[in-house]
Amino acid sequence: MAEVLVLAELNPAGGGVRKTTLEALTAARALGEPSAVVIAAPGTAAGIKDALAEYGAATVYVAEAPEVDEFLVAPKAEVLAQLVQEKSPTAVVIPSSPEGKEIAARLAIKIGSGFLTDVTEIAADGTATQVAFAGSVIVHSKVTAGTPIYTLRGNSVTPEPAAGAGAEQAVSVSVSDAAKGAKVTDRVVEQKSSRPELTEASIVVSGGRGVASAENFSIIEGLADSLGAAVGASRAAVDSGFYPHTFQVGQTGKTVSPNLYVAVGISGAIQHRAGMQTSKTIVAINKDPEAPIFELADFGVIGDLNTVVPAATEQINARK
Amino acid sequence: MNIVVLVKQVPDSGSERKMDPADNTVARAAADNVVNEIDEYAIEEALVVKEAQGGEVTVLTVGPDSATDAIRKALSMGADKAVHVSDEAIKGSDAVQISAVLAAALGQLEFDLVICGAEATDSQMSVMPALLAERLGLPQLSGARKLTVDGGVAKIERQTDGGYWAVEAPLPAIVSTWDTINEPRYPSFKGIMAAKKKPVETKTLADLGLDASTVGLANATTQVVDFAGRPPKGEGVKVTDEGDGAQKFVDFLAGQKIV
């Protein structure tokens, strides 16, 4: 069976692989038999090998060396290119984080391939689905040169277990000087949160300009916590200083595709829709009945968020 | 400190954008075209560095003749000159091919820094700095929310989920900026007038030493097979809160088995 290389993405906070890796392993099975590739600091693979096997990895290639994390993107692309040359896989699938997309880009140049970013589905014939223009257009695309490389958008595929052998195979790593140009000297976490990561969360509750103040975002957080959700914010809310930019959903922020997206006090400008339009179920709470967000909503409440949201939070908590 | 800023003209993300059914590419000719929004932050950052350290800011764009508007905008903000790569054969090229064109154009310029926006609103790939860094063998400092340049070294804060990575590289380097990095200036009247007299050099593929058979839709490394508008969502339920809005919202969630 054709081999598909799947690059494992690690949880930056430690603690195993990101869900996006399991999604990529699942999507890769449409094309062949997935093998996972772990390119990370020494000692990483041991803790994640079982999860990779559980989601179908026949082989787990382990490329561990300190340099791959000390420099930005280039070393990982180099190791992956070396592996592609050795194994001649039928395709490469990479989780679609900023780093993942950049690894895909560099890999494409190194191996003379085309690449598709942020695909939401990969068909058996290699055709991939992408959404364009703020989610308003659905596009089917193909790689027409070299070994196809795909980056898979988070939350597009439901991870499904499928036992793989998970046979470990060590890969020797030698990072060239050319790949050591951009040195990562520090990794700083400014916002520690017990909430799920925005792009991974199955429920997202976002607040907009209608929330009216930074302090008032606590009611958004309250609803989010009652649902075990991540918190997002519209650009208007971020620009007004209500909530940090890290949580911005939209054209110049994060793109999310959760099972449930709750838009609170968000009008639904195209800039925002770009980041959430592909959510499976959308709920809007807004006092303006004409707000464009209602066009997208499966369920809408026309009302004052300051009364509706706290009351709903209380009821959800009471159900637990 | 000589800086090249990469600028892309894109269909305005605030107006309706379309694909061209004739060849499955972005319909650009009839679109309301503007400078890619995040590129304005890249231009601003280049001007800030130049104002502190001297040198020249050159705008580089690949695009049809109409992309002159994007160049003029950048020049009116304060960039010194521009290179416009325009060639009919480039139409329909993908990111891999455009990176080859930009790399060739950069090869004819002298620079310490290349700065571009972290993402274009039309393709949303966020890969051009990585593609160019790979082609040119230069360090990649992408996704910056802060840039400092001192003593031949560029340092950035690479924006991440919940924080940043500090990344540094010797010059020359390729930097991309998010919209958190600064607040772009508006062109002044004086700037707009001055921009009309600033030099814009137009280059063809031949000028760059590139063969037309390496670019264009027919030679692209990816192809759009087909496209369709997103199927319209079924009419949702809308209720007006009369004291029972929260209850109805929670009932809806219960119906979806979410609570």
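Every residue, even glycine, has its Cβ placed from backbone N, Cα and C.
Per TrEMBL, domain 'Electron transfer flavoprotein alpha/beta-subunit N-terminal' is recorded for A:4-191. The feature FAD binding site is assigned by TrEMBL to A:ARG209, A:234-235, A:248-252, A:265-272, A:ASN286.
Positions of TrEMBL features highlighted on the structure.
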{"residue": "A:ARG209", "record": "FAD binding site", "Cβ contacts under 8 Å, 6 or more apart": "A:SER234, A:ALA236, A:ALA237, A:SER240, A:GLY265, A:ILE266, A:SER267"}
{"residue": "A:GLN248", "record": "FAD binding site", "Cβ contacts under 8 Å, 6 or more apart": "A:GLY232, A:ALA233, A:SER234, A:ARG235, A:VAL238, A:LYS254, A:GLY275"}
{"residue": "A:GLN251", "record": "FAD binding site", "Cβ contacts under 8 Å, 6 or more apart": "A:ALA134, A:ARG235, A:ILE270, A:GLN271, A:HIS272, A:ALA274, A:GLY275"}
{"residue": "A:ALA269", "record": "FAD binding site", "Cβ contacts under 8 Å, 6 or more apart": "A:SER234, A:ARG235, A:ALA236, A:PRO292"}
Against chain B, in sequence order - binding-site residues A:ARG209, A:GLN248, A:GLN251 with Cβ under 8 Å: A:GLN251
Other CB atoms, at most 10 A from the CB of A:ILE266 (FAD binding site): 32
DSSP-derived class (H/G/I helix, E/B strand, else coil) of A:GLN248 (FAD binding site): strand
Where A:ALA269 (FAD binding site) sits in the secondary structure, as DSSP reduces it to three classes: coil
A:HIS272 (FAD binding site), number of other Cβ atoms within 10 Å: 29
DSSP-derived structure type at A:ARG209 (FAD binding site), helix or strand or else coil: helix
Average pLDDT across the domain 'Electron transfer flavoprotein alpha/beta-subunit N-terminal' (A:4-191), rounded to a whole number: 96
